[in-house]
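Undergrad: Okay, these came from TrEMBL:
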type: TRANSMEM; residues: 12-30; note: transmembrane segment
type: TRANSMEM; residues: 42-60; note: transmembrane segment
type: TRANSMEM; residues: 72-92; note: transmembrane segment
type: TRANSMEM; residues: 99-116; note: transmembrane segment
type: TRANSMEM; residues: 136-157; note: transmembrane segment
Amino acid sequence: MNEILGANNTLFDYALVVLIYFLLFLFIRYPKPIVELNYKATFLFLSLFWALLMFGGNYLGYRVGMMAFLPWLDNALHSFVWVGICLCWLYYCTYERPVLEQFIFFAFLSFIVKVAEKMILGTWSMDSYLGIKSPYAYIIAMSLIDGFYPVLSGWIVKSLAKNSTFGVYAVGT
């Protein structure tokens, strides 16, 4: 059961994490509460793409020693709810903003989520990372990586939109 929930974690702990996702999602979707019709295919593609990539990538990162183990339920919720839905909606709301601003939005919100998951579930923890001996070095590094989500998403959308691959349409380009 430790591999699914994590050591000493309960479903109530996970309910708290989902509550944090939901509260942040309320702020994220405030400027654009509904996905526009011409963006729905792009939104769906990016949601599935990033959720699946993160779910597998988090486990692969653990297997090669670059990441701490995320219990399966945390990995699934983090990948499919936080990255797949929340960060995808944040991209939808901010893709027209300057890249630096997008980077800060994504990195900062990811930092908040990772700190919350660390406090509630005990995940996202390594004593040192990249030679830096601090329990927060790992969280900061992973949050900065999440800051590149909008840059990579923009590149993916523009590349696929050229031929309308997967129904992806680059709005505003």
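Numbering starts at 1 and runs along the chain as it is shown here.
Quick reminder: no glycine exception, Cβ is built from N, Cα and C everywhere.
Could you place the listed features in the three-dimensional structure?
TA: Tertiary proximity for the transmembrane segment (12-30) is limited to same-chain residues at least six positions away from its ends with a CB under 8 Å from its CB atoms, namely 5, 73-74, 77, 81-82, 85-86, 89-90, 93, 109, 112-113, 116-117, 120-121.
Remote same-chain residues near the transmembrane segment (42-60) are listed as 35, 67, 70, 75-76, 78-80, 83-85, 87-89, 91-92, 149, 153, 156-157, 160-161, 166-171 (criterion: CB distance under 8 Å, separation of at least six residues from the stretch ends).
For the transmembrane segment (72-92), same-chain residues at least 6 beyond its ends with a Cβ under 8 Å from one of its own Cβ atoms are 3-6, 14, 17-18, 21, 24-25, 28-29, 32, 35, 39, 43, 46-48, 50-52, 54-55, 58-59, 102, 105-106, 109-110, 113, 117, 121, 123, 146, 149-150, 153.
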Undergrad: Near the transmembrane segment (99-116), which residues from the same chain, at least 6 beyond its ends, have a CB less than 8 A from one of its CBs?
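TA: That would be 17, 20-21, 24, 28, 78, 82, 86-87, 90-91, 124, 139-140, 142-144, 146-151.
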